[in-house]
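Visitor: Have a look at this one.
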Amino acid sequence: MTTLDVATDIFVGGVSTLSFVSTDATEGEPMSFTGGLRELILNGEELELTELGAVSGANVGDWDGTACGYKVCQNGGRCKPTGSDSFTCICPPLWTGPACNQSINCVNNNCSHGSLCAPSNISSYSCMCPLGWGGMYCDKQISTDILRFVGNSYVKYLDPRYDTRNLKRAQVSFSFRANSNDSLIMWMGKAEHEDDDYLTVGLEGGHLKIADLSSHQLECCLEGPIGKKERPNPMKCSHLQSSWQHQTSHEFVVLVGCCNLEFSALLHSNKSVFISL
């Protein structure tokens with residue numbers, strides 16, 4: 001077997017009719033499962049083990065008859081039933097809240113303007129400021145025209161011409177200076193399913209990399225790590241789909257299916273790279 005194509009109903013614990021089970025799948029008569037199940041993950045996605053999470057079912061009960069279930073108390077908290085449909089979490093020393101999901105360091109924190117409190121160690125916290133605010137407690141209004149990222153930062157945009165532009169072409173240009181040899185610089189699209197389209201630009205081992213455009217595995221990089229003063233060698237590209245490509249000392253064009261991707265890159269002595277896609 002090289003593929004598993006089962007785009008049908010998925011039964012857990014048994015089946016609605018035993019005749020659904022192939023006679024080749026068991027040595028004897030098929031028998032339904034007796035026992036408990038606390039976690040179910042399908043292709044990396046956890047399925048909810050509740051009456052609302054399943055499509056249908058029959059003769060299924062709660063394992064212990066209480067409101068305590070798997071993962072209701074987080075971070076090592078212990079669930080204690082207080083009734084048939086209620087519970088309380090007994091939290092470990094560094095956590096609090098109804099589900100033990102709040103750090104004690106963030107209780108009564110001073111983070112302002114909708115900023116997020118993040119515990120930094122066992123006795124302190126930091127504030128993750130929204131765009132336009134800065135300072136220790138995000139209480140200082142700031143303006144930017146050159147963005148500075150610190151490793152846990154991001155800005156989000158929408159494509160203003162998405163509804164009218166030609167989706168067979170994508171053009172992006174930016175100039176950046178990197179302080180790390182490994183980082184994600186830009187992400188477009190989504191990757192919830194295998195056929196989803198996305199484009200990512202980043203650094204890996206000091207090399208500039210572009211990966212996966214329009215469901216094709218595509219990865220391009222500059223030879224020589226970011227930060228070297230000498231002019232980089234021609235870009236090389238490895239991919240799984242057939243394509244036509246032409247490369248000069250600083251330009252690279254690749255055609256994959258219906259998509260046309262063009263960009264040039266120039267490495268400056270100040271570790272700044274310009275890319276145009």
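Even glycines carry a Cβ here, placed using N, Cα and C.
Keep in mind that TrEMBL annotations are predicted by a computer and have not been checked by a curator.
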Visitor: Please name the cysteine among CYS79, CYS100 that TrEMBL pairs with CYS91 through a disulfide bond.
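Guide: Checking TrEMBL: disulfide partner of CYS91 resolves to CYS100.
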Visitor: Taking TrEMBL as the reference, CYS129 is linked by a disulphide to which residue in CYS117, CYS138?
Guide: CYS138
Visitor: I'd like the number of other C-beta atoms within 10 A of the C-beta of CYS138 (disulfide bond), please.
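Guide: I count 21 other Cβ atoms within 10 Å of it.
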